[in-house]
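Engineer: Please read through the structure below; I'll follow up with questions.
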Amino acid sequence: MNLPVAPTPVRRTFQPLIMLLEIAFLIIIGAFSGLMVLLGMFPFARKAIRLCIMATGLIGLDLFITLGCWRLWLLRRFGRSDPATWRTDHIRLLGDTLDRYVRVAQRVVGFRVAATDLTQPLYDDEPVLFLARHAGPGDSLLIAWLISHELHRAPRVVLKRFLMWDPAIDLIIHRLDGYFLPPKGTPAAQRKASLTAFCASMGPHDGAMVFPEGQNWTPARHAAAIESDRASDDPEAAMRVAWLERHPTVLTPRVGAAANFIDAVPGLRVICIWHAGVEDLHTLKAVWAAIPLREPAHVRFTERRPVPTGAALKDYLYDEWGELDDWSRQISHHPATPGERPLYTEQITTRSFLTQLRASSRRAKRT
């Protein structure tokens, strides 16, 4: 999307208006949810309630982060906070908010995560580059949650510029020293210099989050990538077509951002995050059919040492994403994976929230 982005003062002016719009959506969703509660005897109504709660939670996440950023700014403005903890406070705000949303998803739609452990532990003084698969609704939130909750790193992300229109993303990502891609038309040398500076600014507790595929995988995008390469006169296009045809659940990985990080940060650890179980939920119809979720999202961490560089990095990414595709398709047929552990141990049934909702409704009628 190439939506022009206004200067910072203009965006700050629009933030309250965008928040009012989000509140209006909450009211509409709440009214629709009330109607579905009245029709709760029908299966479609129960599914609709689940989706409404998830939508409410997503808007609430956005509002909570925005308000949290405003609160931290006011505390700092009036000398009520420690300047030394400014960044840490925002890391905690992001991590806690993502954690709440994941718990809501667990309770309402049965979202669970089962992950394998890292082959080697992370140490506090190590900056890490996380290369993640990009497929399924909300998978970027899942990856950010894994980095903050499970791997205890401050997420440093590279995002498309138009996302600055979202108040929460604009505030939290800028304050966590994230990177928004420069506007179209920026000279290539300037783009490379700004990205290199961002990469070199990695601190010991940071975890950079990069999606080598560049966009969220869907069957349509996979088919479009094949057609684009078939029409291309690039000497490597035929190789990419053959690779894509062998690997139908991923897109070709791009080397650029990963190479910038590896060149700019000595001693950088590179960990790939594979996930499977949400990639098929790429349409509203598929999401509707899958709710409540019956299988967990599977996550696997892989690492190769020493970190490949130069031409070897491209071969490494293609091999890694090819293995990811094979693993993902195997998971779809054999969901039980040895060595996995649930990231949340408490047992919460997917019916519990709706059961509580109906019980409270009956109590209200009796009174």
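Each residue, glycine too, has its Cβ placed from N, Cα and C.
What TrEMBL records for 121-221 is domain 'Phospholipid/glycerol acyltransferase'. Annotation comment: TrEMBL describes 17-39, 51-73 as transmembrane segment.
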Engineer: How about long-range neighbours of the transmembrane segment (51-73): same chain, 6 or more residues beyond its ends, C-beta under 8 Å?
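Structural biologist: Same-chain contacts beyond the flanks: 15, 19, 22-23, 25-26, 29-30, 32-33, 36, 81, 86, 89-90, 93-94, 97-98, 100-101, 104-105, 108-109, 138, 166-168, 171-172, 175, 287-288, 291, 353.
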Engineer: As a quick check of your reading of DSSP, tell me how many residues in the domain 'Phospholipid/glycerol acyltransferase' (121-221) are helical, how many are strand and how many are coil.
Structural biologist: 42 helix, 20 strand, 39 coil
